[in-house]
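Working notes for the structure below.
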Amino acid sequence: MEAADYEVLSVREQLFHERVRECIISTLLFATLYILCHITLTRFKKPAEFTTVDDEDATVNKIALELCTFTLAVALGAVLLLPFSIISNEVLLSLPRNYYIQWLNGSLIHGLWNLVFLFSNLSLIFLMPFAYFFTESEGFAGSRKGVLARVYETVVMLILLTLLVLGMVWVASAIVDNNKASRESLYDFWEYYLPYLYSCISFLGVLLLLVCTPLGLARMFSVTGKLLVKPRLLEDLEEQLHCSAFEEAALTRRICNPTSCWLPLDMELLHRQVLALQTQRVLLEKRRKASAWQRNLGYPLAMLCLLVLTGLSVLTVAIHILELLIDEAAMPRGMQGASLGQVSFSKLGSFGAIIQVVLIFYLMVSSVVGFYSSPLFRGLRPRWHDTAMTQIIGNCVCLLVLSSALPVFSRTLGLTRFDLLGDFGRFNWLGSFYIVFLYNAAFAGLTTLCLVKTFTAAVRAELIRAFGLDRLPLPVSGFPRASRKNQHQ
């Protein structure tokens, strides 16, 4: 063999080893996410659905739970996708020739983006509808009962749903773009239909993030306040504990002796009141045992961090709005080749990249908080060891829609300059200046409105409580005025 043949074989062998290494790394990453998601779902599932007398229902629920675990792992991977890419770029910039990070390259990052896009399509279009129909199916009438009969019915329902969605997307494409070539392109199921359908789903996810994130940014202050111990000036915790104990004892006596009262008693309401008092007493005990540093320093620092992160988010979006009016490079666009380790995607270097990652995670957490706080999706909130299988499926679908739209959401708002890789950058609406500009303006306006309405009211209420003004018989805004009967007492 000639020297040129040896060079070709060497190059092919090197490419083969790189592909094998990328497959191993991707498999290990996904396996880690899968294990974490499986542990999480087992904490929320309803045990009675998996230990039923009917083994068929238990088997169906176990299969559906594994599909939900796969979907939730894909959702978590979509959340980590953009931060991992930004950090990888900074690592390659800082250590360009380090031997131990040779596995971290643009080909691996690009492959991860493509895998997340593929698995997101697979989960949203096939796996989650299959899991829902599978749990609700009973087999065709007259057929033999069993898991296989449920599989047949589920497959038939899934085929009918696919045809329905295919027809709706084809009609929508004809209405939006009345072009023969664009309609014929939908016949190519893999190259055009799935990306077009996922583009529609991603657009809905971005709109959902536009609504949920400002609401979540405002709710983060109250949620953090419930988790941490607040400083209470002019407050007697011992008095509150005694009052809570007396009220609990009185309600317990009424439950134990319902005949002692001539009025009809709502026992369910009394039990809920006792549970609420017990929870309040536990929180008061925790607050009383908290150290002075935790009580007087932890809560203000947490509120300050939330305020800084929220202010940075709004400021970043405001600067991006100005950049959209001046520079066309501020528009989100796709990038087919991942050229990492050449230039930083932040003007502040590694420090700016860390801020970008923190803001992306913060906005994702805020969007989830806002999603479960909204009246429309509040009933979907999972409960510890008491979440039905259909509710788990709904949660996984919603979280996947939110998380798969996060890279597009972050790039559209200008939180990072890292361009979208793979099919994430093929969305047609990303090239529209008016859509991107109006989206940024709507996000800044909604966030500012929610913060002014919620945060100022919360701060006013905390200051009133801190100075004891809520105990005075004054018509203070945010607190109901005490009745004359309570004042005389």
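Note that Cβ sites are derived from N, Cα and C of the backbone, with glycine treated the same way.
Pulled from TrEMBL:
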type     : residues : note
TRANSMEM : 24-42    : transmembrane segment
TRANSMEM : 63-87    : transmembrane segment
TRANSMEM : 107-134  : transmembrane segment
TRANSMEM : 155-176  : transmembrane segment
TRANSMEM : 196-218  : transmembrane segment
TRANSMEM : 297-322  : transmembrane segment
TRANSMEM : 353-372  : transmembrane segment
TRANSMEM : 392-409  : transmembrane segment
TRANSMEM : 429-452  : transmembrane segment
Touch test for the transmembrane segment (353-372) and the transmembrane segment (196-218), at least 3 Cβ pairs under 8 Å: yes
The transmembrane segment (297-322) versus listed stretches 24-42, 107-134, 155-176, 392-409, 429-452: most Cβ pairs under 8 Å: 429-452
Same-chain residues near the transmembrane segment (392-409), Cβ under 8 Å, at least 6 residues beyond its ends: 41, 44-45, 64-65, 68, 71-72, 74-76, 78-79, 81-82, 116, 120, 123-124, 128, 131-132, 135, 201-202, 204-206, 208-209, 212, 332, 360, 363-364, 367-368, 371, 377, 380, 382, 420, 424, 427, 430
Contacting positions for the transmembrane segment (107-134) when only residues 6+ beyond its ends and CB under 8 Å are counted: 18, 22, 25-26, 29-30, 60, 63-64, 67-68, 70-71, 74, 77-78, 81, 84-85, 88, 150-151, 153-154, 157-158, 161-162, 165, 194, 197-198, 201, 337-338, 340, 390, 393, 396-397, 400-401, 404, 421-424
